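First the structure, in the form of structure tokens, and then the observations on it.
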Amino acid sequence: MAFSAPSLSKFSLLVAISASALLCCAFARDFSIVGYTPEHLTNTDKLLELFESWMSEHSKAYKSVEEKVHRFEVFRENLMHIDQRNNEINSYWLGLNEFADLTHEEFKGRYLGLAKPQFSRKRQPSANFRYRDITDLPKSVDWRKKGAVAPVKDQGQCGSCWAFSTVAAVEGINQITTGNLSSLSEQELIDCDTTFNSGCNGGLMDYAFQYIISTGGLHKEDDYPYLMEEGICQEQKEDVERVTISGYEDVPENDDESLVKALAHQPVSVAIEASGRDFQFYKGGVFNGKCGTDLDHGVAAVGYGSSKGSDYVIVKNSWGPRWGEKGFIRMKRNTGKPEGLCGINKMASYPTKTK
């Protein structure tokens with residue numbers, strides 16, 4: 001069953017939170033996978049302890065008691081949503097994470113960033129798809145286990161998901177081709193790839209592939225580190241190695257089988273609609289929640305598999321390793337809709353690289 005939130009007046013909250021700052025700041029502890037228990041939903045003191053512990057875990061600080069009260073109220077409302085949904089769903093689950101003090105509108109405004117005005121760009125013809133005639137596919141593929149996926153990164157409050165999606169795909173094909181896994185620079189794309197893309201205000205992966213080809217490669221992250229904001233382009237770095245690609249290809253649109261064919265050979269850049277509230281608090285399982293196909297977030301597909309009869313795609317996100325399954329999400333495939341869950345089959349592409 002779902003539980004009702006404890007009722008507090010704003011004055012009571014001010015008093016309780018002010019006191020809890022002194023009494024509860026040392027209550028950091030390990031929680032269950034979802035981060036709360038039923039007691040937190042029915043006992044105000046326990047809920048305040050949970051909030052303080054969550055603040056400590058995620059290094060949260062607020063400018064005033066009033067701001068803290070507001071964030072506590074948002075936190076409590078989000079917790080009610082998480083608990084309600086966990087009582088309604090069974091293939092995946094939600095949990096508290098670093099976004100628990102953000103309203104859903106705040107979350108969407110800060111962490112999504114695919115360039116919507118460019119969606120009408122012409123995609124490559126299906127005849128260019130190099131994996132079109134492949135028929136013998138493995139039942140599952142996980143490029144993490146093959147060493148072709150770099151550690152999960154965190155885009156922060158910069159709408160640069162498109163850059164992280166691009167880089168993940170390039171890191172993957174570079175490792176597959178050369179045997180070397182190098183973490184590459186999203187910041188270079190944000191700062192320098194400005195002809196069609198817009199830094200922290202969104203972009204598209206195909207345009208980023210074009211930039212990498214035209215400039216002769218992408219710097220490594222150590223040579224051009226991430227800032228979580230737009231910077232000045234430092235494209236011309238002498239005597240610094242770049243990772244190159246030969247080209248890129250689009251996966252045939254709205255074709256689940258074609259996406260799997262590509263994934264059997266390399267990580268793939270994909271776009272999804274990630275603005276659903278369940279996506280904000282996804283913690284684990286095979287996600288099959290409500291979402292449309294209004295693409296707003298760039299991610300990387302890094303494998304596929306099946307669990308308890310449910311087929312899924314393994315997706316690498318860019319919201320840090322504490323979101324989802326250590327930064328990844330398993331998204332249901334074979335949904336019966338050509339565009340796939342959350343539109344994942346609509347705008348997939350991958351870089352190419354010759355040995």
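From the backbone N, Cα and C atoms, a Cβ is placed for every residue, glycine too.
Source: prediction; values computed, not measured.
Cross-referencing C192, C200, C233 with Swiss-Prot gives C200 as the cysteine bonded to C158, criterion being a recorded disulfide.
Cα spacing between C200 (disulfide bond) and H297 (active site): 12 Å, rounded to the nearest whole number. Rounded to a whole value, the Cα-Cα separation of C291 (disulfide bond) and H297 (active site) is 12 Å. Of the listed recorded positions, namely N180, N317, the sparsest Cβ surroundings within 10 Å are found at N180. For C192 (disulfide bond), the number of other Cβ atoms no farther than 10 Å from its own Cβ, over all displayed protein chains, is 22.
Counting other Cβ atoms within 10 Å of each Cβ, the recorded positions C158, C161, C233, C342 show the lowest value at C233.
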